[in-house]
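Take a look at the structure below.
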């Protein structure tokens with residue numbers, strides 16, 4: 001039986017900030033945390049270097065299916081929560097890079113997440129319309145909140161000191177903003193004032209304001225009810241319901257204050273709105289095609305009151321002018337005067353014509369435009385007084401607005417009370433501090449190559465070519481070029497050859513990074529180039545229908561190429577490849593043409609040798625084995641064909657991928673080869689047995705380039721997601737039967753998701769309408785199913801050995817009554833691993849992740865509920881894993897009436913153990929407080945007097961007064 005070695009994804013590099021997610025600062029402001037496809041990158045902004053990568057842990061196939069879609073940093077900055085497009089949330093430790101916990105709850109992409117002030121709770125929203133609350137301490141979900149009818153776009157916690165003891169707010173593309181009471185797990189207020197999708201919201205740091213951003217150009221501001229206002233909020237809700245003003249609520253937690261017009265000159269929607277941590281600035285990121293981040297200054301209470309008085313005064317002056325004009329117009333009955341518009345938000349809150357303006361502070365009184373940060377590329381995220389921009393071209397920019405804000409504040413203080421003060425505050429200057437773009441390409445990686453000694457990696461894209469160290473993954477050279485389509489290392493690995501879309505052939509010196517030569521090689525795009533095996537020359541194939549042959553020479557002390565011959569074809573040339581392993585006289589060159597055929601010629605005379613036809617669409621890539629006997633072709637018709645080069649016969653046609661095959665490479669001196677496709681996968685094949693060995697998933701977009709190291713130790717791929725991925729060969733053996741089983745498990749996991757969707761559709765309810773507003777937070781996954789199966793096997797062992805123990809006990813008592821010797825003990829069961837049956841079950845129970853425990857228990861059949869309850873009761877009697885047993889008891893479904901005694905016994909034992917745990921916690925807390933007091937006394941002993949010292953001092957003073 002033939003064996004193979006496994007290739008696994010070892011490293012991903014070249015991605016600074018992927019396009020699906022936001023970016024965040026750490027607490028110090030010196031580090032930027034960005035999404036790098038499946039991983040999370042931590043960048044040092046001062047040094048411009050990669051500090052560490054936070055990599056997910058678990059099944060490789062599961063990890064490869066999704067990429068990071070949202071990032072949220074904990075209040076203390078120690079942990080970052082990464083939501084993925086698959087619906088999973090992984091929490092990482094920023095300092096160590098280890099994954100702390102993973103939550104499976106959302107059925108589709110996580111679109112928003114936020115920690116509460118203490119970092120003990122995490123709330124998330126997804127494209128599946130659900131909002132889920134997670135307990136970071138217990139590492140499990142608390143509840144799932146339903147009510148939105150479209151994808152959730154943003155979530156936030158309400159302040160703990162507000163009208164709600166524990167509250168949250170969410171917005172959605174269904175135009176609704178919902179306020180949730182997390183204690184009762186239901187929606188207490190639904191705001192329906194928006195007329196388009198609501199894309200973002202944020203709560204001010206002091207918890208008094210809520211800002212929402214929708215598709216239109218308005219920022220809407222809401223006042224949040226504070227502690228002690230709950231009763232009044234309920235009365236306001238009743239009054240609003242009676243007036244039918246468009247808000248459906250149990251209590252008015254948020255009261256509308258008005259709106260402020262954005263300064264979005266490009267007309268882009270607002271993608272994200274965030275307050276600065278100090279509360280003095282509000283940043284609005286433009287979405288869609290927006291390339292700007294708008295900054296608004298938040299006025300203080302005194303300044304907002306001054307702005308309100310100014311607005312009211314202006315309104316009165318304009319009203320008096322209108323009345324004077326109406327009186328002057330004889331016979332006029334009073335035309336409709338146009339209401340004057342104040343500055344920065346207009347006369348919102350003004351009364352009817354001729355009436356008084358509102359004395360309440362409105363949105364325009366609190367917010368004013370400060371500055372606009374404009375980038376040359378589309379922005380995806382902005383943060384803080386120092387604005388961090390993650391751009392769509394795979395780069396980061398850091399802008400400073402702190403000095404401008406300070407200058408505005410000082411100018412306002414100097415001219416306090418004047419109109420010019422507010423105008424000066426609005427005129428701020430921003431400055432770009434730095435940019436981070438050297439660690440990745442700005443666009444798709446179109447081709448990759450590996451040097452002859454496997455020490456260097458080359459990649460080309462639109463506008464630049466990069467050379468990387470193959471071991472450290474560091475970019476060592478970046479050279480401007482045209483739209484690169486193909487590349488190769490010249491013999492000696494000191495120069496790089498690049499073919500461009502403009503038809504130019506460029507030679508780059510790797511030592512200096514300079515472009516030595518730039519030839520007008522073809523009249524069309526150069527789709528392929530290949531270096532001769534003897535290193536004397538090279539061939540290029542172009543869309544102009546020509547194959548040109550070049551020879552290397554030294555000109556002016558540098559490597560140059562000279563055109564020697566031209567082979568004209570009847571159609572566009574897509575790929576050219578030299579044969580290897582043959583003598584010079586027998587060397588062949590294969591040319592793939594747009595008419596879906598491959599022509600093979602003798603390289604020395606260019607005499608026609610073979611014509612290979614059979615593909616239905618053009619051949620996009622091909623390669624020849626080193627022994628010169630096989631030619632493998634990959635086509636846009638999704639197939640790979642293996643041809644014999646002796647007679648041109650097709651040995652086998654393989655349906656290789658679900659999309660076009662864009663790359664194909666043999667492993668040196670073997671008939672094993674790799675293929676890359678637009679279906680985002682790489683596949684490993686055996687060309688002798690005509691079967692697939694391995695499917696390598698991980699790329700998040702089309703794969704354009706593929707290269708294999710000379711010794712076959714690693715495989716390199718690059719594609720539309722702008723990443724370079726290294727797949728290294730390991731010592732693990734690949735067994736084809738196990739790979740097929742893994743594929744079936746993946747199909748089963750996909751069926752689980754389909755079944756849940758079918759169940760939702762069969763219920764007749766739309767998104768957000770399933771069985772009330774609150775539901776269980778978990779989601780069945782392959783991991784939870786496998787955990788449930790392990791629990792079921794352990795329970796079967798408990799039941800089996802329990803019955804065997806009872807039978808052995810009966811036999812022992814029967815033998816004792818009859819005076820016979822006791823029967824021999826049964827042999828030990830190796831499935832128990834040397835443990836007692838209950839301990840064996842506890843071992844499997846502890847292995848289940850806290851986030852999967854509920855779903856794993858739900859997998860168990862109803863008949864196993866009673867044995868599990870009895871086992872948990874016995875574990876509680878022994879005082880083992882009390883908290884875990886309590887969680888299992890709360891997650892179990894109702895059992896038959898016959899287990900009422902078992903459940904009551906378990907309840908009593910659980911209460912007893914919990915009381916003991918409570919007493920132990922109380923004793924520990926008292927001891928810790930005592931130790932803290934002792935430590936404080938020792939620290940302050942040199943400045944504090946004891947009670948005895950103070951009493952002795954008073955006695956001495958009294959004695960001195962008596963003698964005097």
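Cβ atoms are placed via backbone N, Cα and C, with glycine included.
Unlike curated records, TrEMBL annotations are generated automatically.
TrEMBL assigns the feature region 'Disordered' to residues 306-357, out of the candidate ranges 254-305, 306-357, 358-409. When TrEMBL is compared with the stretches 712-734, 735-757, 758-780, 781-803, the one noted as region 'Disordered' is 758-780. If you look at the repeat 'WD' (103-136), the same-chain residues 6 or more away from its ends with a CB under 8 A from one of its CBs are 66, 69-76, 79, 81, 83-91, 142-146, 148-157, 159-160, 168, 170, 172, 174, 180, 182, 753, 756-757, 767-768, 777-779, 781, 783-784, 851-852, 855. If you look at the repeat 'WD' (696-728) against the repeat 'WD' (438-478), you find at least three C-beta pairs under 8 angstroms, all six or more positions apart, and that counts as contact. DSSP places the residues of the repeat 'WD' (612-653) in helix, strand and coil in these numbers: 0 helix, 23 strand, 19 coil. Mean pLDDT for the repeat 'WD' (519-553) in the predicted structure: 94.
For the repeat 'WD' (612-653), the list of distant contacts is 574-575, 577-582, 586, 588, 590, 592-600, 659-666, 668-671, 673, 675, 677, 685, 687, 690, 706: same-chain residues at least six beyond its ends, Cβ to Cβ under 8 Å. Long-range contacts of the repeat 'WD' (191-232) within its own chain (CB-CB distance under 8 A, at least 6 residues past either end) are made by residues 150, 153-154, 156-159, 161-164, 169-179, 246-248, 251-262, 264, 267, 269-275, 277-279, 282, 284, 287, 296, 298, 362-363, 366-367.
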